[in-house]
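The domain 'Aspartate/glutamate/uridylate kinase' annotation in TrEMBL covers 13-242. Summarising the annotation, TrEMBL assigns site 'Transition state stabilizer' to Lys17, Lys224. Residues or ranges marked as substrate binding site by TrEMBL: Gly50, Gly51, Arg72, Asn165.
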Amino acid sequence: MTMSKSMHHTARKIVVKLGGSTLEGLNEAFFRNFKALQNEGYEIIITHGGGPAINRALEKENIESYTINGLRVTSEEMIDIVQSTLIGKVNPALVQQLNAAGIPAIGLNGFDAALLESTYLDQDVYGFVGEVVRVNTQLLDTLTAAGIVPVVACIGMSKEGQALNINGDTVASGIALAVHAESLLLVTDVAGIRIKDDYQVTAVETDIAGWIEKGHIYGGMIPKVQGAVACLQAGIPAVQIVNDALQGTTIKKEG
Ligand SMILES: Nc1ncnc2c1ncn2[C@@H]1O[C@H](COP(=O)(O)OP(=O)(O)O)[C@@H](O)[C@H]1O
Ligand SMILES: CC(=O)N[C@@H](CCC(=O)OP(=O)(O)O)C(=O)O
């Protein structure tokens with residue numbers, strides 16, 4: 001029997017999402033860990049948020065904002081500010097840090113080669129907030145195969161060409177699903193999931209819903225664990241929620 005050669009690009013992939021709170025000062029240890037993963041043969045795709053930078057830009061314009069379930073309700077006047085902050089400021093600053101550390105990186109957002117096709121999550125409730133419908137994985141494959149790290153800002157593009165604000169964690173899990181990543185790493189400002197007083201080293205997917213219901217997980221942690229559950233259910237073996245020293249919680253399907 002002969003084995004047919006797969007047409008798929010089969011390199012092992014990791015998606016790393018950098019939360020807004022971690023972006024400004026990535027430390028040397030982070031870049032070391034990053035290069036170690038590349039040297040092991042992993043192709044890495046970076047996605048990022050920028051919540052704190054968006055907050056500052058909105059404050060400057062005296063615009064108040066609020067979140068529901070960790071998602072920022074985004075009005076028409078806000079989406080322009082979100083778009084220009086993430087694509088114009090946060091993304092190039094991160095790309096610069098990577099390039100300076102010797103990691104060739106290219107900045108992208110949902111509009112580039114229709115990278116993130118999106119629809120409104122629920123326009124009546126959230127306004128200009130999107131969810132990921134389709135990812136141009138071919139673009140990502142082409143770049144990573146050429147040794148270039150894609151750095152994706154979490155702005156989606158609707159069919160009509162409208163920019164949509166997508167939570168960074170939602171983009172990260174959407175891309176991880178689309179490229180069949182081996183793992184998803186959500187880097188944030190806390191050492192993983194804290195339940196009462198204890199940071200969890202491991203968690204199983206079935207714990208998550210109850211923790212949200214009881215209020216142990218709230219705010220910005222909600223889109224992270226929801227993205228994690230979607231990845232685990234689609235067969236991605238593990239999702240990690242960690243701080244910049246890569247300490248935190250590993251979430252798995254079963255204990
Ligand atoms: N159970 C929990 N464990 C840890 N952090 C939690 C939990 N529930 C809510 N949070 C909050 O989630 C925050 C991380 O989300 P967020 O601020 O959106 O970070 P990022 O910008 O990295 O996406 C933490 O700083 C913490 O305030
Ligand atoms: C819809 C939604 O919530 N969008 C986020 C996008 C930025 C983000 O996700 O930033 P962090 O990774 O720092 O949380 C927002 O407007 O803040």
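Start at 1 and count along the chain as shown; that gives each residue its number.
Yeah, the Cβs are placed from backbone N, Cα and C, and that goes for glycine too.
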Taking only the recorded positions Lys17, Gly50, Gly51, Arg72, Asn165, which have a CB closer than 6 angstroms to any atom that belongs to ligand 1?
Gly51
Listed recorded positions adjacent to ligand 2, that is, members of Lys17, Gly50, Gly51, Arg72 whose C-beta is under 6 A away:
Gly50, Gly51, Arg72
Considering every residue in the domain 'Aspartate/glutamate/uridylate kinase' (13-242), what is the mean pLDDT value?
96
Would you mind reading off the Cα separation of Asn165 (substrate binding site) from Lys17 (site 'Transition state stabilizer'), to the nearest angstrom?
16
Per DSSP, Lys224 (site 'Transition state stabilizer') is which: helix, strand or coil?
helix
Residues that sit under 8 angstroms from Lys17 (site 'Transition state stabilizer') by C-beta distance, when 6+ apart in the chain
Ile46, Thr47, His48, Gly49, Gly168, Asp169, Val171, Ala172, Leu184, Leu185, Leu186, Val187
Using an 8 Å cut-off from the Cβ centroid of Gly50, Gly51, Arg72, Asn165, can you name the remaining same-chain residues around the substrate site, in sequence order?
Gly20, Gly49, Ile54, Val82, Leu86, Cys154, Asn167, Gly168
CA pair Arg72 (substrate binding site) / Lys224 (site 'Transition state stabilizer'), Å rounded to integer, equals 14
Can you tell which of the binding-site residues (Gly50, Gly51) has the fewest other C-beta atoms within 10 angstroms of its C-beta?
Gly51
DSSP state at Asn165 (substrate binding site), helix/strand/coil
strand
Collapsed DSSP category at Gly51 (substrate binding site):
helix
Within 10 Å, the Cβ with the most other Cβ atoms among the recorded positions Arg72, Lys224 is that of Lys224
Spacing of the two Cα atoms, Gly50 (substrate binding site) and Lys224 (site 'Transition state stabilizer'), in whole angstrom, works out to 15
